[in-house]
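Visitor: Pasting a structure below so you can have a look.
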């Protein structure tokens with residue numbers, strides 16, 4: 001892999017960075033304009049991440065973070081775990097961004113008019129800004145988000161270093177969610193859920209589910225992170241699916257921010273969501289440009305955990321966790337579809353990624369071969385799935401099931417549409433995911449009135 | 001190295017953990033008693049850290065985190081970077097501890113009397129605890145401390161993985177301090193310093209040093225972390241010196257908490273300091289028991305940065321940064337004493353740790369040999385230092401300086417007191433450090449009146 005930036009790349013990244021710095025300097029003249037600043041920071045995040053992935057590739061390979069691409073004819077080693085670089089750039093950007101959303105409040109706390117040097121009174125000085133109506137709670141929730149994200153990066157790097165066992169690493173996101181949950185407990189402690197209209201006669205308008213609410217948040221983190229980690233195996237799919245989810249959430253946020261005519265009560269939480277997501281889109285784009293077919297770097301588990309945690313934190317602290325679940329439907333389907341192999345009802349080979357046909361250069365679905373005959377109910381279920389076109393089952397002359405395609409949505413796509421090139425496969429899946437996500441959002445906003453008294457849009 | 005706990009160790013750690021869990025459960029009956037809870041958490045931190053260092057040693061060696069002990073006859077490889085385990089345990093404990101200091105406030109925000117299930121009013125519920133006088137600012141400063149500590153651990157692991165160059169890694173603590181500084185900026189923004197009495201006619205009572213205050217805080221982080229990293233080289237010295245500093249700060253905190261007769265205005269910030277330090281003492285003790293002569297693990301740069309950052313965060317957010325500098329005097333002296341070699345005025349060999357005499361089994365001071373003759377002013381300065389007993393200089397027949405002992409406090413100790421065993425050397429230095437520290441605290445509290453109008457004790 002090239003470890004230097006080409007001249008074009010250098011100049012483009014430099015120009016982008018300078019433009020972003022210019023925009024940032026401008027925001028400080030006015031009221032901070034946090035959304036504009038966030039966009040500028042995302043541009044910086046993209047540039048830094050793009051350059052660092054290039055520069056650090058060799059250092060990572062030297063330290064043993066490398067792997068071979070099994071879906072290529074020529075299997076050269078390329079750097080692994082580059083998602084950690086992404087995550088570090090993201091964390092730095094998101095920390096440096098902290099003052100912007102609070103710029104107006106900081107100016108209000110000083111003598112105003114941007115003249116920050118002259119404080120009004122000594123007593124005010126000694127107590128800091130406590131006497132002012134500074135939105136400490138917003139700050140605390142922003143900090144708790146960063147804490148949880150830092151935590152997942154630490155644990156993710158630990159996993160990439162030491163190859164933690166599958167049944168242990170499922171819980172990594174739950175551990176990383178602890179900082180957020182604890183700050184949530186200490187600072188807000190709201191554990192009520194709005195009850196759907198049909199159930200109100202029995203449960204009332206709001207149902208306090210108490211500690212179960214924390215379990216729900218932890219489970220959402222586990223689901224969000226692991227579902228992205230499971231839908232993996234071909235170039236670019238981990239990053240691109242995360243980008244699709246991020247863009248759909250941004251689209252949903254924009255509906256609240258720009259379509260509703262008056263300042264909406266949910267404006268703040270959707271701004272918060274944008275502040276977290278825009279830099280994520282920046283670093284992910286930079287990573288995708290290196291990870292798209294043919295991949296020059298791998299992303300590592302760190303990236304999948306990190307991306308999933310960004311969504312979980314965003315959904316929980318932005319108060320749209322149910323919408324988030326809608327957007328994770330393809331990942332959820334992939335998990336349920338994978339379950340028979342994950343829980344070893346059906347034999348599971350070590351790798352389930354598609355198989356490269358060296359003659360055609362196209363990917364074909366990979367298969368699980370059954371050396372021992374399957375039990376009758378399982379064999380019959382597989383045959384049923386085959387008839388439903390949800391699996392490709394191979395049967396010998398006596399009617400015994402010999403092999404079947406592996407239980408992942410990626411292989412299913414190949415069963416449906418036949419062998420294809422790796423990037424076409426990725427594009428197909430991403431198109432499917434986008435369509436499902438847009439439909440989910442449509443349903444969420446059009447049909448919400450059927451189960452709740454009002455849509456909160 | 002043994003990778004399992006002996007039966008005695010297992011039972012002792014288990015008993016300690018159970019006792020600590022018992023104490024924690026008890027604190028929830030009353031008002032939370034955060035100090036007692038913190039002590040119990042420190043016990044847990046010790047147990048977890050002790051066990052994990054044992055269990056993870058092999059995994060670290062497999063992943064290339066290993067090194068040879070140059071001060072031993074038999075140079076077997078032992079695990080390196082075990083400070084990262086310490087730091088991770090510390091971070092988990094400190095996160096889980098968050099609710100305790102706020103327990104009283106959480107209970108006050110609900111219906112009181114510990115009955116947390118029944119909230120008073122729906123409106124209150126929807127706004128969370130915002131309407132109550134919840135100490136959000138305390139929470140924010142606690143969270144910013146954790147952010148900075150997580151950040152230094154991430155960067156420290158990066159350094160241990162990729163061997164960042166010396167002139168870059170000096171600044172690692174400053175980068176890690178950014179989260180704390182930004183939260184400080186956003187949430188408090190107090191940049192005034194109390195002016196010493198003699199200077200008041202010129203500068204006034206309080207001097208606003210503006211952005212220089214942030215530079216001061218960043219420099220303190222750099223100094224605190226790197227000074228511990230420089231005073232290193234013999235078994236146990238990094239951890240033990242950190243423990244001495246931590247214990248001296250705890251002693252100072254206790255002066256404020258238990259000696260002053262009435263609730264002191266600084267009570268809160270010194271409690272905060274204890275909450276951060278007690279678990280640190282827990283994990284450091286566990287590490288020291290593995291790192292003390294003869295060492296079974298090495299601590300790595302991560303530990304030194306981490307320890308230094310704990311002190312910096314503690315001193316800055318606990319508002320006793322000047323006292324902290326007093327306690328770091330031996331490290332400061334070691335830095336100034338090292339400067340001629342660090343800045344290459346005098347040739348600096350790759351390793352400056354003491355030299356093992358294989359015949360006696362004792363450590364002797366290591367020497368820098370000068371192949372090229374030194375310039376006259378430098379040679380004369382070295383001879384002067386020799387006469388002051390601050391260096392051991394070897395001179396040939398013509399009076400040319402041939403070699404001198406290396407410029408570290410560890411070698412100076414050997415120059416003063418002759419060859420000795422590694423643990424005696426460490427103990428001597430620690431005794432010296434404790435004496436200097438206690439004297440520093442005495443001066444700070446007895447002499448403060450000479451330069452300030454009042455001691456704040």
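Heads up, the Cβ atoms here are built off N, Cα and C, so glycines get one too.
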Visitor: Looking at A:9-31, A:78-100, I want to know which stretch TrEMBL calls transmembrane segment.
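Guide: Feature transmembrane segment in TrEMBL: residues A:78-100.
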Visitor: For the transmembrane segment entry in TrEMBL, name the matching range from A:139-158, A:339-358.
Guide: A:139-158
Visitor: Would you mind listing the long-range same-chain contacts of the transmembrane segment (A:35-57), meaning Cβ under 8 Å and 6+ residues beyond its ends?
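Guide: Hits for the transmembrane segment (A:35-57): 1-5, 9, 13-14, 16-17, 19-21, 23-24, 27, 78-79, 82, 85-86, 89-90, 93, 96-97, 100, 271, 274-275, 278-279, 281-283, 285-287, 289-290, 296-297.
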Visitor: Would you say the transmembrane segment (A:271-293) and the transmembrane segment (A:78-100) are in contact under the rule of three or more C-beta pairs closer than 8 Å, pairs 6 or more apart in sequence?
Guide: yes
